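Feature annotations, reproduced from TrEMBL:
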TRANSMEM  75-95  transmembrane segment
TRANSMEM  160-182  transmembrane segment
TRANSMEM  202-222  transmembrane segment
TRANSMEM  234-250  transmembrane segment
TRANSMEM  262-286  transmembrane segment
TRANSMEM  339-359  transmembrane segment
TRANSMEM  371-392  transmembrane segment
TRANSMEM  447-467  transmembrane segment
TRANSMEM  474-493  transmembrane segment
TRANSMEM  521-546  transmembrane segment
DOMAIN    606-670  domain 'CBS'
REGION    753-775  region 'Disordered'
Amino acid sequence: DNKVLFAFLPYFEVNGVPKLMDLLDEPVPGVGTYEDFNTIDWVREKSKDRDRHREITSKSKESTWALVNSVCDAFSGWLLMLLIGLMSGALAGGIDISAHWMTDLKEGVCLNGFWFNHEHCCWTSNETTFQERDKCPQWKSWAELIIGATEGPFAYIMNYLMYVCWALLFSFLAVTLVRAFAPYACGSGIPEIKTILSGFIIRGYLGKWTLVIKTITLVLAVSSGLSLGKEGPLVHVACCCGNILCHLFTKYRKNEAKRREVLSAAAAVGVSVAFGAPIGGVLFSLEEVSYYFPLKTLWRSFFAALVAAFTLRSINPFGNSRLVLFYVEFHTPWHLLELIPFILLGIFGGIWGAFFIRANIAWCRRRKTTWLGHYPVLEVLVVTAVTAVVAFPNSYTRTSTSELISELFNDCGLLDSSKLCNYDNANVTKSSNELPDRPAGNDVYTAMWQLSLALVFKMLITVVTFGMKVPSGLFIPSMAVGAIAGRLLGIGMEQLAYYHHDWAIFRGWCSPGADCITPGLYAMVGAAACLGGVTRMTVSLVVIMFELTGGLEYIVPLMAAAMTSKWVADAIGREGIYEAHIRLNGYPFLEAKEEFSHKTLAMDVMRPRRSDLPLSVVTQDGMTVEDVETMITDTTYSGFPVVVSHESQRLVGFVLRRDLTISIDNARQRQDGIVSTSRVFFTEYTPPQPPNSPPPLKLRGIMDLSPFTVTDHTAMDIVVDIFRKLGLRQFQTSLTFCPSFLQPLAGYYHKEGHSEARGSDSQPGPRLDPLQLML
């Protein structure tokens, strides 16, 4: 058997001449894989998958077992989506329950069981009153437990100290665990996931340790009271689940392009469990994070998001049969003239979004380039201390941000005990189903002052919080800023309509005794506007907010605010927060929304130029192993064009540096007689060798025989489109047959990507444009 002979005799003699075994007769471990902080070759990965699929299809006609294997292969994608949905939904439910309990732990403990949060502790109590429904004998504040007092200055100081101490403890544990076990668990994760989905390799970013530490520290960070949310990190958690589960299936474990299809679906799952919005999650993945999103991935994303939402609903983390804490329902229709304040909220959201992005990027750049970045634990503790000390006196900043948004979205009824709902109800009959606009009580005006202070505080503290070395999402803080601004505007409009209903703008649709203005709706529109201004989401944002409220009739106000916010923010700065952080970290990402404005040709940027050194090439039959190894050592390029000879530089193919290195090392181990003077051949047939010469090395199997080429007069905007839409790593120009941008930038790109992608806090060097990095 020739295969057995080849296994023990890598080459044999034909007429006394050594005959070489093609290394690709047996796969070489490592060939075709990618190094860390490198970019995948989408074309090659898709070609590998097509070849695998053809092989399975052809074998399925040969035997029953092969047919069963073919069916299992086709079904594996759906099974993987099911597992991702179940795992992500279960983790999200656990995170919600744990974060709710630990947030309440800062204020007190339940005597019936320390594992009960405040709400669950008082559910079964028969001693609560309507006015003080959140107080029950089973729940004890820390002042009551330690000094035996519930009121007075000493009780207030004790509760204050315990609140700050618990916040510092939670944040210290979070940042310590991140630094010690999983540095990739910090931040939101969405900028890195966008980069990974575009084809970049960041090993360990979606690994098992990252998943475990991110899940634990996300609970700690949210419970500490920092101005951050769990929604963005939940996308990272879901993608970690998808990446880990991919290893159960060979089709996804061995193909980077197929794995990214799964990660796109996992991103949709993350938003689905974060907001209870399966459709919005699919649209978020399509609009915001995915680089390659075929129709098959759309269907599977929808299925995975459905499974995740069903799993979260089965767990029921909030005890209200809802998937999110701030689910609300409005019943009052909006009037056309209300579009004016809705558009004003959109303008505010766009201005706030642009301000936040610039301020946050400036702070993060300062963190990278100064001593501040060398003390992440100290930074987290200082920000936590400031947040806790300032937040405790104000009831609207002391509570968790999700509960604050829930209260701001709420449509006031007669049974609401919130200060925002303390209206004068003297003329309201208890039998009425809809409450008319009423004069605001003193508590409402007090609440407005407190909300104004909370708005300023949230706007400032979020700038320095996002980007610290703890898991931190941006969705909830942005929504909180917009919800506060919207609620304040809504109350102002409500009181204006009540006291001046005879004005022309209110006449005809807001008569006395009618329910005209819904402040909670303004809060919802404001939340959408600010979130849109920061992230530049549009369609997915509107659908998410629609799924949160369940009201079809409020889509137009949400659309108006979201589009206005995006237009205003884009007029100030084109980048959203995630794109800005991608550029700050130096990740190679070609933004599909960005237009290439330079009027240049490929010949203007191709290498080498007249003043440069000659092009580094590999000849198809004229080099020895020593020549190839010397070229690899002396250069930092990611790959080399293969030409006929140095005299006739006709392009034959392209070979990657990594594949060359692995193949030569593997041949030295497996093939007897390979020495530095062995000839290297990329030709289909090996010419006869002299009798006493060392055995040659045939590497045609690792060469790309059909590299993409363009003419030297190709416009650069077309070149950019080729890179974006085909996901290429390099291509050649017909004039010089060289990788037109890869070689001169490869060493710099890998060096920069390695330091920045690991979160280096040293001063970065000069930056290349993301287009240059990719090219």
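Each residue, glycine too, has its Cβ placed from N, Cα and C.
Keep in mind that what you see is a predicted model, and the values were worked out from it rather than measured.
Contact between the transmembrane segment (521-546) and the transmembrane segment (371-392) is not supported: fewer than 3 Cβ pairs lie under 8 Å, counting only residues 6 or more apart in sequence. The helix, strand and coil residue counts that DSSP assigns across the domain 'CBS' (606-670) are 24 helix, 15 strand, 26 coil. Beyond its flanks by at least six residues, the transmembrane segment (474-493) meets 188, 227-232, 274, 338, 341, 344-345, 348-349, 352-353, 356, 396, 401-402, 404-405, 408-409, 420, 440, 444, 448, 451-452, 454-455, 458-459, 462, 465-466, 517-531, 533-535, 577 of its own chain at Cβ-Cβ distances under 8 Å. Using the rule of three or more Cβ pairs under 8 Å, pairs at least 6 apart in sequence, the transmembrane segment (339-359) is not in contact with the transmembrane segment (160-182).
Here the transmembrane segment (202-222) touches the transmembrane segment (75-95). Their Cβ atoms form 3 or more pairs under 8 Å, with each pair 6 or more residues apart. Recorded stretches compared: 75-95, 234-250, 371-392; the one with the most Cβ pairs under 8 Å to the transmembrane segment (160-182) is 371-392. Packing against the transmembrane segment (371-392) from elsewhere in the chain are residues 160, 163-164, 167-168, 171-172, 174-176, 179, 224-227, 398, 457, 461, 464-465, 468-470, 761: each is 6 or more residues past its ends and has a CB under 8 Å from a CB in it.
For the transmembrane segment (447-467), the residues of the chain that approach it from at least six positions outside its boundaries are 187-188, 226-228, 352, 356, 359-360, 363-364, 367, 383, 386-387, 390-391, 394-397, 404, 418-420, 422, 474, 477-478, 480-481, 484-485, 487-488, 491, 581, judged by C-beta separation under 8 angstroms.
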